[in-house]
Structure formats: structure tokens, C-alpha cells
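The structure that follows is given in the form of C-alpha cells.
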Amino acid sequence: MSASDDAPSDDTRDDLALVATGIAKVYGATCALRSARLALRRGRVHALLGENGAGKSTLVKILVGAVTPDAGHIALAGAPVAFGSVTQAIRAGIVPIYQHLSLFPELSIHENLSAFALAAGGGLWTGRRLVDPARARGWLKEVGLDVDLAAPLGSLSLGERQLVEVARALSLDCRVLVLDEPTAALNADEADRLFAVVRRLCASGTAALFISHRFDEIEALADEVTVLRDGRTVIDAAPIGRHSREELTHAMLGAGVEAAPARLSERAAPVLVGRGLAAGRHGRGSLDVIVHAGEIVGLAGLIGSGALSLAATLGGAQAGPGELSVGDASFMPGDRRRAAALGIAYVPADRHAEGLFGALSARRNASVSGLGRLARLGWLRARAEAQMVDPLLRRLKLHPALPEAEAATFSGGNQQKLLIARGLAVPGLKAMVLLEPTRGVDVAARGVIHDAIREAAASGVAVLVATSDLDELMVLAHRYLVVREGTLAAELPRSAPRAALLAALSGSAAA
Amino acid sequence: MMAKRLPGTSRPLRLSRPPAVALVCLGLFLLCCAFVPRFATFGNIENVLRVASILCVVACGQAVVILLGGIEFSFGASAALASVVTVMALPVLGPVGGLATGGASVIAIGAVNGFLVGRLALPPVIVTLGTLMMASGAAAWLVGGLPIDAPPSAAFSWPARGRVLGVPVPILAALLACAALHLMLAHGRIGRLWYHVGANPVAARLAGLDVTRITTLGYAVAGAFCAVGAIILTSRVASGQPALAPNLPFETIAACAIGGLPLSGGRGRVSQVVFGVLTVAMLNNAVVLINLPVAWQLVLLGLAVLAAVGLQKDWAVLARLARRTDR
């Protein structure tokens, strides 16, 4: 390792293409970025790693000009810059390639390649000229595409379209190429082709920022890596190979607290049984999961592993192959209504989009799954509703303790308590499936929610918790199921050390 | 202190706060009394209430759909179709049977809308526009484009001109419609489910609710409210009119919007609908009394809707700002 590789903090080196330091961004009560640093060097591919909520996407949005930071400095080739819009950033040479392609399938390849030139064009009419076909063909050649300029973009495969997007970046003086999970929709061949193009571009001096969750890709393409955790840069521009996968995973997830011993209840009869399930859209239907009465099973997996998807399937929220049963009754994946009727509570991962009824009161949020029990001849008994839900809200220490206040007015932690209360109020509760039950939740609420989950298990409910939070997993679960790349990679006992879990999560050989 | 508030079971009975639109409505009433000639006469007030009552019954249906996060454009056309169907069925089924058949056709259109929106997940704007055009076309086709008169009969004119204990039947119908909607929304299971689906349909599904059935039922119930309004309208004009009430959907949407129901769904009370309807009815009446061209009704109504929705948005922004400075 040369000496220059070991000096990532020196911002004055002249091979730096882009340096962002002390970047901070606050959204309402959430601190998305506290103090992030990112230094990209000319001619290098730089990988950016971080779990969901680490601030990765916010940092990328800031770099491409979509979001203005609250604090921090960005320097492009040594000169300070501040972008007010994506257009400004693109003109300065920071070109984003999105996972959701930002091209126009109905237009021709030529028109798509001219998009930046058209956007830059002045008047209503003068700007309508397309770029010189010879130049356009040159860019296509550079990314290795041999296609007719007049053909509609829609006639190309997804991988080829992504290459067109890269070719379009060549129409500008592209200094930094930002690739945000560019391979999400590509097959292995298309990804290889894209990588080859990125490498060739970098060889001519462009810097590339590469965001991906797949270690294989990162190791194959990137020269350097930066890891974000909790809005801060925890590994700053380290050369690839200096840190093992395990160390990187550890950096992403944090050292955390030592696991507190949970009361282990005795193994009892299987309650929630899934057979032939799939984790993720591309997974094969071959996974079996059994959760016993009184047991808390921790389903672990990095983002994109399929862990959340498998958990959603087990809760009846997501359709897919396989079959599910609770007790003697069976139900199909995706039949959430029947699952709820059979006593399966489900707490979704995305609180606002999938869980909360913001316009309705806290009490109504908590009682919704038990309305059938509260109604007599179609008439809701208000007193019975309060009697069913209010003790739960008290136990979860809802604050402020106003069950008639609108759910939208509560803090994130207290909103999450409402979803937990809703789960606990499911009539005939037999199993609970919780996805990221304490994501974005403060420490106090987290403790209360964990206690409630343990209490439910102690009373004989089968609990499955899917979380990317390793600490949470270790304080809650009686055993761990590790999902990696759509398969159940490992089953570990509660006594398994943290290192073993990390190894299983990241898929490194050393256990 | 907190714990004392939580039980909620021994909460003292309190009247819920009047909606903001009540003030607007009251202000408009006082303005009209002061400045509009012949407004504050007994006959005119009864006339305003009579017009408002039909609007109110139909607006109750519109409110259900808006609560669900949808919108109903087909009401006017289905009312027109109902009038045509009623008059054509009159010789065979008599006045009661005829009116019932007309009403049933409106409920059927509502149920079709509900099925298309709820089961097939088509956008409500497109679905109800589609049924609007079909109902309108069918009504014109059935009568060959021209209105047909109904033979006069006491039973046939009762819904529009009858009185029960001195109260005009349309006003009575409006009161009953409001009471029914209030019971459904405040105490009924189905009303609660509408709120849930309107507030967040994804969360409603994941909570185990049958979103399809709830939505379908909501549009059918909305159709039932509109059916009552259509019966009164048909009885009033005593004919089958293929262009009976083209502005009915706009006026009812306006009433709900002015009342403060967000078009995104999930919120709303009957009192808001009532005051919204009264505001619309007074505006329309004032335009006539001031001798402005009747076309100004729509212009003013449009302005009122834009102002109401704009204010709503403004208030929401203010509320959010207030919350942020609290923290």
C-alpha cells in the first residue's frame, strides 16, 4: 500500500475531483446527516455504503443538487460550489445515473442523447436542434453500444438504456458520475458491461460515486469506500481491501450495546408456519419458517437481502409462492384480511405510508383491527373501544396521553406505539410479525416497545421480528434466521456471538 | 394528570366545536340580510331551504365519496336518467313504483362506480366521468332528446310539494339524510371504515380491512343519497328531463369543499356538509335576487370553492408551522 493511499483527509491534493465536508441536513425532527465527509478522486470508483437511514440517499441528493445542505462545504476540483438545482449540478459536471431510469422511452435514442443540450438551449425554437449525429455515435461507441440513432429508446433492454444514460453523460464535461444502485434492474451480463464502461470512463479521469448494497459488485468495481452510519462518516475513503466485508458490515451497523438477556420461554407448539415461501421478488419459493408459541424469532438481513419481504409474506401482507398456516387454519400469502382474522398482527416497516392513519385519533388507530369485536348490529360501542385500547396505550406510555388526539400530531416513537397497540389489540392474537419495529424511534420508546414485544411472547404469542438493527435483534430474539440474497443463509441460536451474526449477514467465509 | 385523561370512558358530554365554515355561512347570511333586497323574507328563506334541501341530500352522498378519497361526477346525469326512467315507468308502475324505479337506477349507477373504483382500482375521476356520459347519453336516447311530461297526480308531486306537519317534504328529507349520515359516520361501523380507507388505503388493507367491499358499499350508499335527491327533483319538475341537473355534481363538490372536507379524504363531519350546502344555496339565491345573470352563480361558486380550498391549504400550512415552533 502506497503512502498516498493512506492520506484520505488531505483535501488539498490535486487529484481530488470532489470533496464534501461537514455536511449536515435536518428534516423536521430527524437529523438525516450530522457531519458527513466524502472525498472522490479523479479516475477512481468510490463506493458509498450505509444502512437504511444512515443518510446515504440524503448525501447523494445534496451532491447532485436536489437538496440543499444545512451546513458543510462542497468543493469541485478545489473550487467551492453550492448548487441550487439538479440542472446547476449537471452543468458543473456532476451527472447522476439513477436506478429509476430518467430517460424517455417514446423518444429516439438521438433525442434522448440530446436531452441535456435541449435543456440548455435558449429560446423556444433555437433549443430544438439535436446534437450532431457523429458526436452522438461517438458517445454510443464509447459505451460500447452499436444501435441505430433513430430507433426508439423503448426498443432497447434495460441494461442498454442505462448505457445510453451513461453515453448522455458524455455529452457534458462529466467530472463526477453518480451511480445510485445502477444494477438494481440489470442482469449479470448487463451489469458487467456497465462496469466496463464505468472503468473506461474513469481511466480518462472521471470520478465515479457508486452506491450499491452488493459486496460482490463493490469489490469488483470500486477502488475506495466510504461508510456512513447515523449521518456520520465512519470509514473515510479507505482503499478497497483494507477492510473485510465483516468489518464494513460492522461499521455500517455499529458496535452498539451489549445484548441484555431476554427471558427465554420454553419451546412450545409451532404457531406460525410458512412453507415454500420466497424472499424478495426474484427469490425462489423454497423457504420454510416456523415460529413457535412464546418464541421471538429474529429475522436478520441487510437491505436488499429479502428479509423484510419474507417477513411481510409471513404476515400475510405480500403475495408470493408458498402457503402459510396459523394453528389449524391456512391462508395464502397476500391475504392480509384472513391473516388478521386468524389472529396475526402485522406492523409494517414504513410507518407513514403503510401503517398510520394520520387524520384519525390515536385510539382509532389502535382499535382498527379489532372493530369487528366492537360492533353490535353495525353500531360501534365507544365505551368498549376505549376499554379495549386505552389500557394498551397506557401500558405503552403513549405521550401525550391523549387518545383522542390526531395520530399525525404525535412524535415518531409514539406513532410507532400506536401500531404496536393495534397489533396487540387484534382479536384472538396468536402471532405478531413486526418489521423494523423501532426504526427512527427514540431510546425510551424503543425500550417500551421491546418490553411489550417480550410480554406478548411471554403470554404465548409467536413473534417474528425482522430488523436490520443488529442491537435490536440481539436484545429481543430467542434465535436468529439470517437472510442473504433471497435465501435463508443461516440459523443461529441466541448464544451465537455477534461476530458469527455479522459473518452470516455479510456472507464472508470467516465465521 | 395525564392518566386521568386517558380512560376516556367518563368523559363529560360536550358538544363538538362548530366547523370554521359555520362562521362563513353566518357572515354570508348577515350580509345577504343587510344588502340583498327581499332576501330576509319568510317566503325567500323557505325557498332557499327548499333548494338547499335537495342539494343537501345529494351532498351527503358526495361527502361519503370524498371521505373515501374519491369524487363523484355522475350524480347529475344519473338524476336525469332517473327522471326519464321514472316518467317512462309511470304508466306501468304508477307514481310510487315509477319513482322507486328511478331511484333504484341511481343506486345501481353508484354501485357500478363503487365496483369499478373498489374492485378494479380505477381512478374515481375517470370512472364517474364515464358513467356520467353513459347515463347522460342513455337518458337522451330513451326520450329522443326532448323532455317528456308526467301526468299530474297528487302522489307524484308529494316528494317535492307535500308537507308533513307543516314541514315541506324536501326539508324533512334533508334532515333525515343528515341524521342518517351522522349516525353512520359518528357511531356506525361502516362510517368508521370509510374514514380508515380514506385516510390511508394501504394501511387499511394491512390492518386487515376489506378495502374493496368498504369502497363499493360507500359508492352505493352515496348513490342511495343521490337517489332520494333525484326523486325529489323529478317530482318537482314533473317530467323526464334528459338534462335535469347538470351542475349537481359541481354544486355538491363545492358544498363539501366549502364545508372544509379535504378532497384527499379521511376527514369530515356532517355539520361541515350542512354549512357548505347553506353557503352554496345562499350564494345562488343572492345572485338571482340582485338581478345578476344566472350564469354568475357558477362563476361565484367557482370562486368560493377556490377560496375555500386555498384557505384550507393555508390553514394546514399555518398549523404545521405552529407545530414546528412548538418543538
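Cβ atoms here come from the backbone N, Cα and C positions, even for glycine.
Relevant sequence annotations retrieved from TrEMBL are reproduced here:
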- B:48-68: transmembrane segment (TRANSMEM)
- B:99-118: transmembrane segment (TRANSMEM)
- B:125-144: transmembrane segment (TRANSMEM)
- B:164-185: transmembrane segment (TRANSMEM)
- B:217-238: transmembrane segment (TRANSMEM)
- B:244-261: transmembrane segment (TRANSMEM)
- B:273-292: transmembrane segment (TRANSMEM)
- B:298-318: transmembrane segment (TRANSMEM)
List, by number or range, the same-chain residues at least 6 past the transmembrane segment (B:48-68) whose CB is under 8 A from its CB atoms?
75, 79, 110, 124, 168, 170-171, 173-174, 177-178, 180-181, 185, 194-195, 197-198, 214-215, 218-219, 221-226, 228-229, 232-233, 236, 248-249, 251-253, 255-256, 261, 263, 265-268, 270, 273-274, 276-278, 280-282, 284-285
Check for me, if you would, whether the transmembrane segment (B:217-238) reaches the transmembrane segment (B:125-144) - at least 3 Cβ pairs under 8 Å, residues 6 or more apart in sequence.
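Judged by the Cβ rule, the two regions do not touch, with the required three close pairs absent.
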Please report, as numbers and ranges, the same-chain residues at least 6 past the borders of the transmembrane segment (B:99-118) whose CB is under 8 Å from any CB of it.
61, 70, 72, 74, 78-79, 81-86, 89, 93, 124, 127-128, 131, 135, 156, 159, 211-224, 226-228, 230-231, 234-235
Below 8 angstroms Cβ to Cβ, which residues of this chain, lying six or more residues outside the transmembrane segment (B:125-144), approach it?
70-74, 76-78, 80-81, 83-85, 88, 109, 112-113, 116-117, 240, 242-243, 249
